[in-house]
Each structure stands twice: as C-alpha cells, then as structure tokens.
Amino acid sequence: MEISGFNNKWVSTVASVWIQCTSGSLYTFSIYSQTLKSTQGYDQSTLDIVSVFKDIGVNCGVLAGFLYYYATADGGGSRPWIVHLAGAIQCFLGYFLMWAAVAGVFPRPPLPAMCFFMLVAAHAQSFFNTANVVTGVRNFPSYSGTIVGIMKGFLGLSGAILIQVYETIFNEQPTSFLLMLALLPTLNSLLFMWFVRIHNADDEVDKKHLNSLSIVTLFLATYLMLKIVLEHIFTFQFPLQVASFILLLILLASPLYVAIRAQQRESRKILHPSVTESDQLISRSNQESEDFDNERRRESEESLNLFQALYTIDFWILFFATACGMGTGLATVNNISQIGLSLGYTSLETTILVSLWSIWNFFGRLGAGYVSDYFLHAKGWARPLFMFITLATMSIGHVVIASGLPGALFAGSVLVGVCYGSQWSLMPTITSEIFGVVHMGTIFNAITIASPVGSYIFSVRVIGYMYDKEASGEGGTCTGTYCFMLSFLIMAFATLLGSLAALGLFFRRRSFYDQVVFRRLQHSSSG
C-alpha cells in the first residue's frame, strides 16, 4: 500500500468529491429550458418530452456498471478513469450539440435529435456517479453507507454549485451556460479522474476522517442554503456575488485538508511506529498482498452478477420499494410549483421551496448513510430497516402535503425531500451488501431504472390525471386543496406499500446481516 504522494485512497476520495461537484448538471435544467423552448419553437409538451429523455439518460446507467466492472477486473484498481473518460466524452458531446443548436451554429435540429443530445448529456452523469460511488465503497468497505452518503450528497449539491457559477460568471446568459456545462464537468473530470483508484487499505480510524469530511459537507450545504434564501430576499451586487463565490471555492477546497490530515497521520504511523506497532506493521506488510488476493477471491465468490440478481426476490423487492420512494419523490418535486400556486403560495415562496429541495435532498443522502452505518456497527441493525423507516416517514410527508393546511407544503416537502434523498444512499449500499460489491455498479444502476418508471406513473397517471380532472379554471387551472389531495393520498399509500416491502426485506435478510455483513464488519475492525 502506498501512503505517500498522490496515490492513496484519501486523494482518490477528494478527486471523486470534486468530480461529483460538477456532475449534477441535470439539476440545472430550469436555467436553460426556457431558452431551449424559445429558440427551438417548442411548446410546453414538447419541452416535457425532451425532459423525459433527461430522466431516462441519468437513470439508465447499466452500461456504466458493465464498463466499470470490466475496466477494474483482474487487478484494474487504477482504471476507473476509463469510466470517467466515457462520461466526459458524452457530457461534452451532449451539451455542446445542444449549445450549438441554441446558438444557431447549425440549423434547428429535429426533435428526435434534440432528445438524443439530452439523452447523451444525461447519460454521462451515470458514468461519473458509478465510478465515484463504487470506488468509494471499494476503498471504505467498513463504512460504505457513509462514503455513499458523501458521494451522493455532493452530487445532490452540485446543481446548486453550478448555479452559483452561472450567477457569478454567466448571469442572464443561459446560452453561454449550456456551453459551460459542456466544458466545466468535462474538464473537471479529465483533470481529476487519474487520481480515482481502488486501494487495498482498511484502517480503524477511517471513520474519524470520514466524519470530518461529512462535517465539511454539512458546512457547504448550510452555506448554500443560506445563500439561496438570502438571494431570494435581497439583491446581491456583483462584488458581493464574487465574494460569496470565493467563499464557496474555499469550502470546496476544504476536503483536501481532511485528506492531508489523514495522510499525515498514516505517514507518522509508518515512519515512527512503536515496537509493538512495528511488529504489527511488518506482519501486516507480509500479509497484505495475500489478504488482498483472498478478499478479491471472496468478493468474486459471494457476488452475484446482474443476470443472477434478476432471478432473486431481493432484487425485485428493492426495485418495487425504489419505484414507490423515488417515484413519488420525483413526482413531488416535479409538481411542487404547481401545488404551491394551487394553494395560494406566492411565486417567491414556491421558488424558495424548489431551491431548498436540493438541500433537503442532500441532508437525506448524507444522513441516511451516516446513521445507518452507525447503527449497523453499534447495534447490528440491518440497513433495510432504515429504508422502511424513511419510506414510512415519506408517506407521512405526503399526507401532510395532502392536508393543504397552512405551512403544510413547507413541512411536507422537508419530510419528503429528506426521505427521498435517503433512498439514494440506502439503495446502492444495500445492493453492495446483499449482492456483493463486484457487480454493484450494474445492479444498483438497474434498480435505479425504477425511479423514472415510478415518476411516470405518479406524475402522469396519478397527479396529471387527477389535476386535469379537477381543473375548471381559465386555461385548465385548478385552485384549492382538492387539486392534489387525492393524488398525494394515493402516493402516501404507495409509499407505505414500499416501506412494507422494505420491512419484508429486513426480516428476510436479517439472519444474513447477522451472519455475514455484521461479522465481516467486526473482522474488518479487528483486522
């Protein structure tokens, strides 16, 4: 194991974090959607079709999973860069072609071509995400929930980060913003992908440094939340906007400090060990290569591939729970502005609600990973239990929104947003524990397909149908609590069914967690 220079798992983690910070360009669709609509002559329905291909592209990452598996097979721990490169190429091509169409570089493309551009650009995110998340799990097998939460958390914040770049440099220039989306994530990935590697290094103090990284992430999220709220209340002059952007860059650089501290500690441990530590270090050095080979052999024997996983009940339980949880969560955020208008919220209030969704989403991603790791290590609680808890809580959030009471949309959106974000940490981690880490990328990306499936069912077939049925105002508008009440009660029931499915998975796999997962963690901690 190399613990000096740039070839260690902490530098790999920081590189992955920085790539994640620019990978969530899909969360910025609202910035350039109006320009796309006007320059291409689209109506709202046509724009929605383009948006559907965005959701399809980002949630169909099975190819990214296959590429990661083959790139890192047979000791290819230094080759996740291949997956990042594939993502960078797609990101550049998709957004560059969209920019060229909007800027008039070539004649207006037909709708299928524009949908393809969006699909390619969105598909890139699945490659960035797969490479960073799976590498993180391989580097921190004992704290997979925490590292997945950190990676997914930064991805959730990336939309807000990119919007801050836009407001500082390209404000009121959405066409230029499209060009930035073609260049910034691509160049960022090409710059840092060489440092993203799998390392055979498991340390009992990993949790301490991961906690420090989580704290940095919380500070970043809190700063962005305050900035979002304040800029909707006050007008930020350009000097203040630049100053706030510089502070953002400092916060984004702070994970490197955590990596340096972790690196220094390991360096001191190697260079100045006690007599006992020296003996342990020699013994560990002699056994490390053998342990690495044994671990990889064990992982290969215990892991299922995608086709084997498809024949298990566990896969379809996770798929169903994900469709209910992520599907109703997406349906909520996609319609939150319309819900606010029907309930009499002001435009400013609904805008703040939409902006803060990414923050609640982040807290769910980070918190679920950290809390489930803590209780798994301390109490031996199987992680599907937390999927049950968060989905049941999300069901309550839907009921709160359905009530239409004063402030209910704010309170309900917090519950739904946090619990929706939790699924993005829990599902990949549960996948790695039940099916093994070797084919984790392909399996969790296959389960993620449930998200757009659920979103279509609940957004179009439930909310859209019910709204149109109740609409009686001018232009097909609807005002009052009844516009969405039944829809959200249906989604509350569906999410409750998803939580019961997760509870079934908990009881079904409880002995497996006791006999295999928890024992593996105890062995790793004592090793």
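Glycine is treated like the rest: Cβ placed from N, Cα and C.
Listed in TrEMBL for this protein:
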- 9-260: domain 'Nodulin-like' (DOMAIN)
- 12-32: transmembrane segment (TRANSMEM)
- 52-70: transmembrane segment (TRANSMEM)
- 82-105: transmembrane segment (TRANSMEM)
- 111-131: transmembrane segment (TRANSMEM)
- 143-165: transmembrane segment (TRANSMEM)
- 177-198: transmembrane segment (TRANSMEM)
- 210-230: transmembrane segment (TRANSMEM)
- 306-331: transmembrane segment (TRANSMEM)
- 310-513: domain 'NFD4 C-terminal' (DOMAIN)
- 343-363: transmembrane segment (TRANSMEM)
- 408-427: transmembrane segment (TRANSMEM)
- 434-459: transmembrane segment (TRANSMEM)
- 479-507: transmembrane segment (TRANSMEM)
Contact call for the transmembrane segment (434-459) and the transmembrane segment (177-198): at least 3 Cβ pairs under 8 Å, seq gap 6+: no
Annotated stretches the transmembrane segment (343-363) and the transmembrane segment (306-331) touching (3 or more Cβ pairs under 8 Å): no
Recorded stretch that, among 12-32, 52-70, 111-131, has the most CB pairs under 8 Å to the transmembrane segment (306-331): 52-70
Stretch-level contact, the transmembrane segment (52-70) and the transmembrane segment (177-198), CB cutoff 8 A, at least 3 pairs: no
Beyond the flanks of the transmembrane segment (12-32) by 6 or more, those residues with Cβ under 8 Å of it: 51, 54, 58, 84, 91, 95, 102, 121-122, 125, 128-129, 131-132, 135-136, 139, 147, 150-151, 154-163, 166, 174-175, 177-178, 181, 184-185, 188-189, 192-193, 195-199, 213, 252, 255-256, 258-259, 354, 358
